[in-house]
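These notes are about the structure you will find just below.
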Amino acid sequence: MKLAYWMYAGPAHIGTLRVASSFKNVHAIMHAPLGDDYFNVMRSMLERERDFTPVTASIVDRHVLARGSQEKVVENISRKDKEEEPDLILLTPTCTSSILQEDLQNFVERASLNCQSDVILADVNHYRVNELQAADRTLEQIVRFYLDKSKNQSVQTQNKTLKPSANIIGIFTLGFHNQHDCRELKRLLTDLNIQINEIIPEGGSVQNLKNLPKAWFNLVPYREIGLMTALYLEKNFNMPYVSTTPMGIIDTAVCIREICQTIQQVALTLQNQNSKDQSFENHLPFGGVENYIDRQTRFVSQAAWFSRSIDCQNLTGKKTVIFGDATHAAYITKILAREMGLRVSCAGTYCKHDADWFREQVQGFCDDVIISDDHTQVGDLIAKLEPSAIFGTQMERHIGKRLDIPCGVISAPVHIQNFPLGYRPFLGYEGTNQIADLVYNSFTLGMEDHLLEIFNGHDTKEVITKSLSTESGLNWTQQAQKELNNVPGFVRGKVKRNVEKYARQQKITNITIDIMYAAKEANS
């Protein structure tokens, strides 16, 4: 545990609350101090929800600290059961409840005796997992609970749908462009003549979880949430899953081929098992899968054409730094390096639990890899590399502002501006267009450079140091500072860093105009 004023992934209970509030008619209760209920405001603001967030805080106050919760948590569960009549009440532990060593499972068992709703305790270790890991675990726990419940009640059916169908697992609230991605995935599956069986957790009902085994396969678009559920369904119901994210032209085609191969394998198995009873349909897109991929690549996605245009070729070889969650950072790295010809100086993720997969995915597509959840380390690396553009989270956007380096946001954590009202998917063929626009518009373009030089740039007369977390320890004379201010604004920061780098190499602490010219000659 450490004190931090910025976290890429929040505490475990935030992940649990995100999953619970994604389902319909599910209410979450967290046992926490008053300040921990900021999730309600955050979700309502970012998702622009018209309804109240279904989360209640069972407040840990001075009385609880003095004599324990006693009946408080049980009473809150019973009250919400009567007021809201939810299908499920999920009690969410927090770091505070763990410190107090409250027996939350006992509260759940006692409350269940008088509640019409199902009541379960989120089974996550708040000292060992972060927000994303807790979300993945909570979703799997809820799915397991309801499938076991339907099995015990003998209402579970494993009969497959007659036509190919899929479950989309991992779309949930506060996800980066998740709603837009979900719409694009549904369009993609419809084009492939695949029905949508269930989408969980966003907008799904826990009462329909018993229908998950009816689908032919599961599609998991993000590694951060859904993989544990897919693995559980594969192990217990023999359901295959596709986890290749359809992001970028190449990987979208790979995902489509994997889906069609999976459909063909399932269709063959079902025909052998049910040859006399049922006739399972296996319709491929008109003209075949490869023709579909070709048509989409040439006529729906403009990214392939754009990558061969003079505009994109002007970006060839430009240095970039990419940082975000494992899924988005890995696939954006491959898109920039493989499809657009940019140089990825460093790719990184804050998902330390998925470091091995990330390194495997970006191997050969970037110069270096960073696995860290320390934003100061990421910021200092960006300042050192001086890329032409950054693609990261909102934190990297703030870092870019301080360094005067443009940044495109490609991953959570995000702010309100990353919840656009318009259609902005990152997945599928329409997603390739959005990514190409984001990449191109994130760079300072040639004509923009020219105009900035003519009009002296966005001249704030401010310059930055090489490191974001330490002082430079160098003194600029008044004449040298005046000369530096005469440098066009869009390159002033880079000039200052080059001069200071030269001064450090020469062990000079007092920078004069002569030192500035000497540094210029050394770098020319």
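Heads up, the Cβ atoms here are built off N, Cα and C, so glycines get one too.
Lifted from TrEMBL, the feature list:
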- D311: active site, proton donor (ACT_SITE)
- D36: [4Fe-4S] cluster binding site (BINDING)
- G446, M447: substrate binding site (BINDING)
- 12-443: domain 'Nitrogenase/oxidoreductase component 1' (DOMAIN)
Within 10 Å of each Cβ, count the other Cβ atoms and name the one among the recorded positions D36, D311 with the highest count.
D36
Cα-Cα distance linking D311 (active site, proton donor) and D36 ([4Fe-4S] cluster binding site), given in Å to the nearest integer:
48
Looking only at the domain 'Nitrogenase/oxidoreductase component 1' (12-443), mean pLDDT returns 89
